[in-house]
Amino acid sequence: MIVRRSPRRPHLLWLLVPFVLYLGVLPLVNRVRPVVFGVPFLFFWLLVATLLTPLCVWLAHRGDRRIEGGRPGSRS
Amino acid sequence: MSDGAVATTIFAVFMAGAVALGLAAVRGRGKQGGLAEWSVGGRSLGAVFIWVLMAGEGYTSFSYLGAAGWGYNYGAPVLYVVAYMSCGYAVGYVVGPMLWAYARRHGLVSISDMVAHRYGRPWLGAGVALLVTVFLLPYIQLQITGMGVVVSTISYGAISLNWAYFIGFAVTTGFVVVSGLRGSAWVSVLKDVLVIGTLAFLVVYVPLHYFDGYGDFLDRVVREKSDWLTLPGSGGSRYGEAWFATTSLLNALTVVIFPTTVAGYLGARSADGLRRNAIWLPAYNVLLFVPMLLGMAALFVVPGLVGAESNLALFKLVVDSLPAWGVGVIGVAAALSSIVPMAVFMLVIGTMWGSSVLSLLPRWRGPRRQKLASQAVVVVAGALALVLTYAAPNTLVRLSLISYEGMAQLVPMLLIGLVWRKLTLAGAVSGLVVGVGIVCALVFSDHDPVFGVNAGIVALAVNLAVALGVSYAGPAGRRDERPDAEVLARDPLGAEGEDGADGADGEGERGVRAAAGP
């Protein structure tokens with residue numbers, strides 16, 4: 001049996017970014033001020049994190065698509 | 001017509017519609033397929049259905065009741081729901097396709113099945129199925145009671161609590177027994193349209209109706225309720241930063257193996273569909289901000305709600321400010337938010353019993369009988385939760401406290417087990433037993449959070465240490481002769497086309513796809 005190593009996927013590190021945004025920086029963002037567009041800061045930050053999460057997962061997926069695209073005959 | 005009659009009529013029409021829609025989902029698929037068709041939609045659901053289904057499971061009656069209630073009582077801590085769901089979807093990007101491929105390759109339909117296959121012990125699958133059932137029953141009850149409260153409120157009392165409980169059970173059982181995961185996905189579509197529509201409306205309407213728009217509302221919150229706006233929140237809450245971070249982390253790891261999430265994964269047509277799904281699911285979380293915001297708006301409009309009443313913070317606003325038909329529509333959205341998750345909870349319990357428990361008995365092993373047994377278990381599980389809701393409501397409420405943290409203890413056995421061959425049966429089982437023991441001990445002695453940290457994560461750490469320790473030092477047990485490729489899971493992206501055996505597998509997959517049509 002030929003065992004080839006799985007492709008390297010360093011782009012999966014993007015998936016850790018939501019953890020940093022929501023949990024890692026919590027001590028820094030747990031505050032009411034500055035108020036952004038009337039929204040207290042913690043809420044504003046978590047809203048930004050919620051909007052950035054799809055972007056992070058998309059970046060991970062973009063890397064995977066390149067791997068998939070590099071293999072002949074695999075479009076799914 | 002009186003307000004109660006209008007709202008009740010709207011509610012009744014939509015409930016009948018939901019059952020009809022759920023049943024229509026399997027029209028023409030009637031008898032074919034067996035357990036996999038019913039449990040995981042024949043592994044053929046497209047990206048859109050998987051998205052609505054998984055979003056539907058995440059957005060339960062808690063989102064309307066509990067989230068608003070927490071927002072009302074404490075404020076910011078409730079945002080852990082948003083945090084863990086987003087992080088969980090990121091983890092699911094990797095775990096989802098892995099579990100999907102494993103289940104597809106070996107013809108598995110539930111996590112108890114997977115565990116039985118991984119460790120080569122059918123009894124272990126049965127044990128996990130029993131444990132998970134104990135953890136899931138409280139969730140069914142939570143949905144039943146949640147729906148009951150909503151229905152009796154929006155019908156202006158025309159439907160009593162006890163009847164409302166029964167309606168929740170009857171509507172859910174009405175379609176899920178016949179149409180399984182596919183039916184749940186179809187009802188989810190109706191639910192999502194209503195949930196998104198009504199929340200989008202409320203988030204604009206409430207600040208305009210009760211305040212001078214957003215500026216004024218937010219201004220007043222910042223000025224008068226600033227306690228609510230940071231962790232640990234208002235009223236001497238125990239939910240500080242450490243609790244927020246550890247709970248979100250634990251739940252993000254748990255949500256990817258939560259049996260209902262896994263049912264969604266397994267229902268998908270392709271691994272890449274799941275990855276795309278993981279991109280778009282976090283966007284749904286924006287909606288979770290709404291009930292919390294409305295809960296805080298209720299602080300000004302209906303001050304002084306205490307205890308369980310605070311869960312109705314959102315509905316007090318709705319009933320107070322909208323005409324009866326509007327109340328009815330929002331009630332339907334909330335009711336469907338109970339029904340869809342409840343359907344999948346019941347489905348999962350039925351599936352696990354059919355595939356892992358009753359299959360231990362030779363006479364229940366045939367595919368037709370397995371499905372029939374699973375359907376029977378669905379009705380029994382739902383009925384049991386309903387009866388307990390009437391007879392001993394507090395039993396399940398107490399159990400629900402350990403549900404999520406208890407489920408988390410399955411993470412090493414399942415996820416680590418699937419990627420690491422050296423984790424032994426003895427290691428995985430002792431870790432699980434110790435972990436669940438610690439969760440029970442801490443939660444029931446009222447030590448959650450413990451030292452400001454989520455009790456489940458403490459238990460998980462010990463669980464992991466025991467599992468590793470016993471795997472290295474403990475008994476090796478019976479030697480498992482199967483090759484790694486048979487026992488372990490791999491990400492389909494890395495695994496496809498690696499060697500001859502996989503090539504054959506790819507053929508099989510294409511064959512299935514061709515048979516299922518374009």
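Numbers here mean position along the shown chain, with the first residue as 1.
For all residues, glycine too, the Cβ spot is worked out from N, Cα and C.
Noted in TrEMBL for the protein shown:
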- B:477-489: compositional bias 'Basic and acidic residues' (COMPBIAS)
- B:496-506: compositional bias 'Acidic residues' (COMPBIAS)
- B:476-518: region 'Disordered' (REGION)
- B:6-26: transmembrane segment (TRANSMEM)
- B:47-72: transmembrane segment (TRANSMEM)
- B:78-102: transmembrane segment (TRANSMEM)
- B:123-142: transmembrane segment (TRANSMEM)
- B:162-181: transmembrane segment (TRANSMEM)
- B:193-211: transmembrane segment (TRANSMEM)
- B:278-302: transmembrane segment (TRANSMEM)
- B:322-351: transmembrane segment (TRANSMEM)
- B:372-391: transmembrane segment (TRANSMEM)
- B:397-416: transmembrane segment (TRANSMEM)
- B:423-444: transmembrane segment (TRANSMEM)
- B:450-473: transmembrane segment (TRANSMEM)
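Among the stretches B:47-72, B:193-211, B:322-351, B:423-444, the one making the largest number of Cβ pairs under 8 Å with the transmembrane segment (B:278-302) is B:47-72. Outside the compositional bias 'Basic and acidic residues' (B:477-489) by six or more residues, the chain places 98-99, 101-102, 117-118, 120, 418-421, 424-426, 501-502 with a CB less than 8 A from a CB of the stretch. Ranked by the number of CB pairs under 8 Å to the transmembrane segment (B:47-72), the listed stretches B:78-102, B:372-391, B:397-416, B:450-473 are led by B:78-102. Counting same-chain residues at least six beyond the ends of the transmembrane segment (B:162-181), those with a Cβ under 8 angstroms from any Cβ of the stretch are 15, 18-19, 21-23, 25-26, 37-41, 45, 53, 143-145, 147-152, 155, 187, 263, 267, 335, 338-339, 342-344, 346-347, 375, 378-379, 382-383, 385-386, 389-390. Using a Cβ-Cβ cut-off under 8 Å and counting only residues 6 or more beyond its ends in the same chain, the transmembrane segment (B:193-211) has close neighbours at 59, 217, 220, 287, 290-291, 293-294, 297, 300-301, 314, 317-318, 321, 329-330, 332-333, 336-337. Long-range Cβ contacts of the transmembrane segment (B:123-142) within its own chain (Cβ-Cβ under 8 Å, at least 6 residues beyond either end) map to 60-62, 110-113, 115-117, 259, 341-342, 345-346, 348-349, 352-353, 355-357, 360, 381-382, 384-385, 388-389, 393, 396-397, 399-400, 402-404, 406-407, 410, 413, 425, 429, 436. By the Cβ criterion (distance under 8 Å, sequence gap of 6 or more), the transmembrane segment (B:6-26) is counted as touching the transmembrane segment (B:322-351), at least 3 such pairs being found. Beyond its flanks by at least six residues, the transmembrane segment (B:397-416) meets 95, 111, 114-115, 118, 128, 131-132, 134-139, 141-142, 250-251, 253-254, 256-258, 423, 428-429, 431-432, 435-436, 439-440, 443-444, 448, 454-457, 459-460, 463-464, 467 of its own chain at Cβ-Cβ distances under 8 Å.
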